[in-house]
Amino acid sequence: MKKNQFLKESDVTAESVFFMTRRQVLKALGISAAALSLPHAAHADLLSWFKGNDRPPAPAGKPLEFSKPAAWQNDLPLTPADKVSGYNNFYEFGLDKADPAANAGSLKTDPWTLKISGEVAKPLTLDHDDLTRRFPLEERIYRMRCVEAWSMVVPWIGFPLHKLLALAEPTSNAKYVAFETIYAPEQMPGQQDRFIGGGLKYPYVEGLRLDEAMHPLTLMTVGVYGKALPPQNGAPVRLIVPWKYGFKGIKSIVSIKLTRERPPTTWNLAAPDEYGFYANVNPHVDHPRWSQATERFIGSGGILDVQRQPTLLFNGYAEQVASLYRGLDLRENF
């Protein structure tokens, strides 16, 4: 990993920005409630032009002990904590970007159980404390690219997924890794009400090929900005795969299962022509309803000050991950 090769100063979200929520924008534009149940990126271009002042506070989780390996650090200013904790997609708590911060306090994250099962020789169960104590934690500054064509730069804290999988000892039959979010409708209003939850089928599920899961970049994430993850960011543990669109970063994980067959994934089930299994960041493969050739940085100004820059293949991590897809048609396997 070459230090600082993926980021430049313009990548970093400025301090003053925070956008109006999706529901406020859609209501103002006369878009019906039924339209809110469409796949989450449908109205992204509308949302991104507005900003408001109802920014929630930065996360106040428990401080974590972690190292800062030089390979994953840089000297650039970061997207401020209140932006990462206040501008989220977590449909279990609502469709608006501010809904997770407003509603996720109902999620009980301790006690917690994460089970690793399936095609493994040694099934494992981790509790809440294991998530921050079982493996050495490290801070990694990654670019985060949403399928909605906006991005942030975030200092995540966690451990490589391959270390956890190695303890479980995948069998020779294991080809994929399936992930599942907690199902707790009494705590997650979006799991109770299809209009709050975007019409998705819950619990949220995701998947990777085994070689993707074992890649050193793939991070089991338990913290951000030096502290334990806040609920709206996927506490107590979420997945970060920095070369893929953000919806692959499943939150509040309770199950990891190694499988022989490719597992179903939530957004691919909801709209298979729009959200593929791989979901690699690719400027040459557009979403059916908007271009992915450029991305919008959440800047400090208003509508006239929004800046774009070219989207990087694999979100700038091509040197590390392109070999995983050698011989694969990335347009067909999007």
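Glycine is no exception: its Cβ is also placed from the backbone N, Cα and C atoms.
Of the residues proposed, Thr171, Thr181, Thr294, the one Swiss-Prot records at the same Mo-molybdopterin site as Asn88, Tyr91, Glu92, Cys146, Asn233, Arg238, Gly249, Ile250, Lys251 is Thr181. Long-range C-beta contacts of Arg238 (Mo-molybdopterin binding site), restricted to its own chain and to partners at least six residues apart, with a cutoff below 8 Å, comprise Met220, Thr221, Leu229, Gly249, Ile250, Lys251, Ser252, Ile253. Across the residues annotated as binding Mo-molybdopterin (Asn88, Tyr91, Glu92, Cys146, Thr181, Asn233, Arg238, Gly249, Ile250, Lys251), the two Cα atoms farthest apart lie 19 Å from each other. For Asn88 (Mo-molybdopterin binding site), the same-chain residues lying six or more positions away in sequence with a CB closer than 8 A to its CB are Lys97, Pro100, Ala101, Gln232, Asn233. Burial estimate for the binding-site residues (Glu92, Ile250): highest at Glu92, by number of other CB atoms within 10 Å.
The Cβ neighbour count for Thr181 (Mo-molybdopterin binding site), using a 10 Å radius over every protein chain in view, is 23.
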